[in-house]
Structures are given as structure tokens and as C-alpha cells.
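Some features that Swiss-Prot has for this protein:
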- R82, Y221, G222, G223, S272, N387, S388, R389: substrate binding site (BINDING)
- K230, H250, D297: Mn(2+) binding site (BINDING)
- A273, C274, G275, K276, T277, N278, R389, R420, F514, G515, D516, N517: GTP binding site (BINDING)
- C274: active site (ACT_SITE)
Amino acid sequence: MSTVSIKGLEGEAPTKNEVLLNWIAENVELFQPDRVVFADGSQEEWDRLTTQLVESGTLIRLNEEKRPNSFLARSNPADVARVESRTFICTPTPEGAGPTNHWADPAEMKAELTERFRGSMKGRTMYVVPFCMGPINDPAPKLGVQLTDSEYVVLSMRIMTRMGAEALAKIGDTGSFVPCLHSVGAPLEPGQEDVAWPCNEEKYITHFPETKEIWSYGSGYGGNAILAKKCYALRIASVMAKEEGWMAEHMLILKLTSPEKKVYYIAAAFPSACGKTNLAMLQPTIDGWSAEVVGDDIAWLRFGEDGRLYAINPENGFFGVAPGTNYSSNPNAMRTMEPGNTLFTNVALTDDGDIWWEDLENMPEHLTDWLGNDWTPESSQPSSHPNSRYCVPLAQCPVAAEEYNDPQGVPISAILFGGRRPDTVPLVSQAHNWDHATMIGALLSSGQTAAAEGTVGALRHDPMAMLPFIGYNAADYLQHWIDMGKKGGDKMPEVFLVNWFRRGDDGRFLWPGFGDNSRVLKWIVDRIEGRVEADETIAGYTARVEDLDLTGLDTPIEDIREALSAPAAQWKSDLADNEEYLTFLGSKGSAVPAEVLEQFEALKARVAAAES
């Protein structure tokens, strides 16, 4: 029996962990909630909370025949996405956070947020949400506990993590956990009516790498509030990984099976809007090949006993961008939602209680848009917010690989980097070695499109697709990649650079993409197995058109040949920008690894040789 008293808790706490109970009790005094509830992750809890939120107007219950046990939330229009400008890495010195993060002094930030948190849960319930990152049966699990005043967050965490009583049992009486504090920052005075989506104009998403803590205030949305996702799984985990000799990466994990039934596991890091979820749920268009998903967003990679790199998916669900997802671009994502049990946010509502978003089939004549207004096809604004989301259990995916529940993880054969480049970067190239791969990842970028703000064609750098998520100095992060390569030696995965987005002079895409990307994956497997040669280009070992399986593809061979080219003039025009970016990455307390700089000098030499 614990001696710790928690104000507002009905009955006895379901744990004897004194550290956990004392932490909860201290924060109850700070936040001053009306009630304290331990989230158990049960169906009864889901039903109770969803019913409560439907009654309060936060959720809309969808058509039970079309979307069983599914709900739509509409957020405050000022709370619709991750707020990178209000995301802080709080290390003792600015050099610890490095050039790519917003830094704040840990003591000052804690003092400021403590005052923000004081009384911020008045009139609300504090939920204690224990969760496990990755399979619950992991013998050495990474655990966390989030305190939150948002029922929406509790529901989202139930989908996205292994949450509740099982995770609390894993923490046990003496186990450690990452403490996560979250408040929407909207206290209620007695008699004050609540709003459908409580939040605060002031937002803080703060990380304390030294003490492995996460404090978030003011937002109820997505990665700002579901703290297991980017905050823990990438920002804090990347620090843990550096300290403990593993990797936390913004990567999908794909299981690929050949016609001979040989299995390959591929991890891939793409910046946003570059097709990560679509590749994770790939439907191959070449006979005899099948693909399954282990994860669509985050990979934790550790060395196995055999010296190879093994990956787990620390998540348990998909938190996908809705617009653009349909039965053509990603049929498996659509099928994952068909059984229901899905939380939709900021999409449109049909008149018969279903959902709709841009690029979905069968546009209705009338909708209620994400702001609650009437919408017709003639409306000038999109019906759904561009960052609207579906949150759905991974287990419902028809191509979910059973290995996603294996705590040993899966051995990675290849790592892919890819951006959205209309020119320059070939369809697929292999890195010369791990050091070359690290440079490729460090300089990963996407070209601006006409749809984006900024100069068309200008590069947006996103090293390893981790720019918003590296929890420490980016130069030290690159050094960690180099160090992992040294440790793994010749057992490290082969690394490839892909680009599905090459365009011709007239602006058309040169490669069909989507399911046909399986043809590129087949070439990658052929390279791993030593079955095909490659052309030595500026980019690396680039595929030859005759080695790609183009059976049944009606794309002109000239287009594919152009997609595989690495024009020297285009590579040369990137060099100054890339050199400047490497200088930037090394500009705050830590140097970019010598190996990366040597690889960049070798790249410059290849460009010069190709020009002569």
C-alpha cells in the first residue's frame, strides 16, 4: 500500500511505483485538476471517452454502417499542425541544441512553463497515460507516462501506442519512464462553459535531453500533444540512441518478399510530402513480389547479436495526412480505415455522416467543411485542412507484417533516402559506402514546387529527413551516423538514393511512381544480391535502364533513361548551396565529421571530371 496521497484520485492508484506516484502527486498540486484518472486502455474507457466527447461537441460520431466506431474532430483553426517555431531543445548550452533547433535554457524554460502550468487543469480531469514504445513484450522496453487534460490525446494515444494497464505493469514498482507533461492551457472556472477544442494562443513544445523530459503547453493537436510521437520517438529517443549506441530515425520499415520467397526489410527516410506512407503500404506491380508494412513513420535501429542492424517500429498506429490519400495512391491505407475504429481530424463531413477530403474518389455535391461551414465543389477553399489526419490502428492494415510486434525487430538490408527533386538526382543510385551514404543523407533536400511558398526550384534542406526532429546538435548527429558505420562495418545495410519525382522539360513526371516503385526496389534487391552491374555517375552507382524490370510498363524508354541521368551542370549548380549548408551544420559548437567533408570533396571532384 502506497503512502502517497493523490488529490482527486478515486480509489487506490493501480501502481505502487513511488517515483511515479510522487511525480503525479507533485503535478496534481501544480496543475490543480478536479479529478485524476489512470487511463487503462480498455474498450470501456474508449467508449466512455468518445461518448463524453460527442456530448461535449469535440467529436462527431460518424455513420456506423460506413465508419463503425469512428469519429471526426474539428480543431481550433489556430491549432492545426506541429509548431516548429515554438518547439525547443533545452540543453545547458546553445551548442548542445546545435544550429537546427530552437534553444532555451532549461532552468528558465521550466520556470516559465511551471507558471503556465499552475492551475491550467482547473475544472478538468488529469489523465495518467502510461505507454510503451514498441512491442509490449520487449524485454528492455522504453516506457513513458504522459499527464494530460485532453481526452482527445488519451484516445489518440490508445491508437498510436501500447497504452494503459499493460504499459503500467511494464513500468512496475521500480521501473523508470520518460515523464511527459501536457496541458491544453485552458482552465475552466466554476460554471464556465467549455469549448469544443480547448487550446491556448501561447504554445510551447519543450524537450529536456539531459533529464529525458517532455513538457508541452497550449496545443491539443497531433505531434504537439501526442507526446509519444515525434517528441519521444524521435527528439528524446535520438538523444538516448546516441548515448546508448543505436539510432532513432524518421523512416518507414517495409517488408519485401521476392518470387523465390526470400524476405528483405527496407527502411526509408523521406521528407514530408515525398510518399513515405505510400511506399510503406506499397502494392507491387511486378509479378511474384509482395510488400507488407512494419512501420510508416519511425524506425528504431539497434545492432543484433549477429552484428546486423535491426529495426522496430515504436508506434502502434498510423497518423497519416488525409488529403491525397485514395484507392489509387494508397489503397492499403484506405482499406486500413474500412473496419472503423478511426479518429479523423479536420476533414470534411458528408451529409450522410461519412468523411471526405481532397483527391478522395466520388466528390459529393455538398459537404460540411473542416471549419463547420457548407461546402460545394464550387467553393474556393479546400473542404479539408491540408494537414488533416486519420489516426487508425496498425493492426487493421491488410498488409501489416506480423513482425511489427516482434521486439527483436527486423534485419535491415537497405536504407533509402529520397526527396522531391524535379531534376539533378537520378531515379535510383547506390552509395559507395557508409561515409558516402552519410553525406547523401546530410544533404537530402526537396525542391520547392509552384504550390509552395518560396522560389520554385529552391532547395529545402532536410538532413536524413530529421531536420525538425534531431534532439541535439546536428553535427554530432552526423558523427553518430559515422560512428555507427564504423561499429557495424561490412554488416551495415546498403544505402540508396531514390527520386520518384524527376520531371521532363515540359513538366511531366518521367517515372510513374506509386506501385511501380516496386521495380526500383527489385533493382535494389538485385544490387544487394550482386546480380546486376551499375553505371558510375556523380550520384553513385546508378541503375542502367536495361537492368530495371519494365515488364508491362508503358512509360517511354527515353523518359526512364532521362530519369536515370545525373546531369553534371545540375549537380554543379547544387554544390555552392550544399557547401554552405554543411558550413551551417558545423556552425554551432560541433564540427561536421571529417568523413562527410571528405565525401563532399570527392563529390566536387566527380562533378569536375564529368564536366571536362
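Cβ coordinates come from backbone N, Cα and C, glycine included.
Local packing around the binding-site residues S272, N387, S388 was summarised as the count of other Cβ atoms within 10 Å of each Cβ; on this measure the leading residue is S388. Binding of GTP is attributed in the record to A273, C274, G275, K276, T277, N278, R389, R420, F514, G515, D516, N517, and the widest Cα separation among these residues amounts to 26 Å. A helical conformation is recorded for F514 (GTP binding site) in the three-state DSSP classification.
Note: the Cα of Y221 (substrate binding site) and the Cα of G275 (GTP binding site) are spaced 22 Å from each other.
Per Cα geometry, C274 is the residue among the recorded positions G223, C274, S388, R389 nearest to F514 (GTP binding site). Note: the CA-CA distance between N387 (substrate binding site) and T277 (GTP binding site) rounds to 14 Å. Applying an 8 A CB threshold to same-chain residues 6+ apart, the list for T277 (GTP binding site) reads L252, D296, D297, F318, G320, V321, T325, N330, A333. In the structure as shown, the Cβ atom of H250 (Mn(2+) binding site) sits within 10 Å of 25 other Cβ atoms. Each of the binding-site residues Y221, F514 was scored by other CB atoms within 10 A of its CB, and the lowest score goes to F514. With a 10 A radius on its CB, R82 (substrate binding site) counts 20 other CB atoms from all the protein chains. Look at S272 (substrate binding site): DSSP puts it in coil. Other than R82, Y221, G222, G223, S272, N387, S388, R389, the residues of this chain whose Cβ falls within 8 Å of the Cβ centroid of the substrate site are, in sequence order, V80, A81, F319, V321. The local packing around R389 (substrate binding site), expressed as other Cβ atoms within 10 Å of its Cβ over all shown chains, amounts to 26. Its Cβ placed at the centre, G223 (substrate binding site) has 23 other Cβ atoms within 10 Å.
Neighbour density around each Cβ, counted as other Cβ atoms within 10 Å, peaks among the recorded positions A273, C274 at C274. G222 (substrate binding site): 22 other CB atoms within 10 A of its CB, across all protein chains. Under 8 Å, Cβ to Cβ, and six or more positions away along its own chain, D516 (GTP binding site) finds T285, L553.
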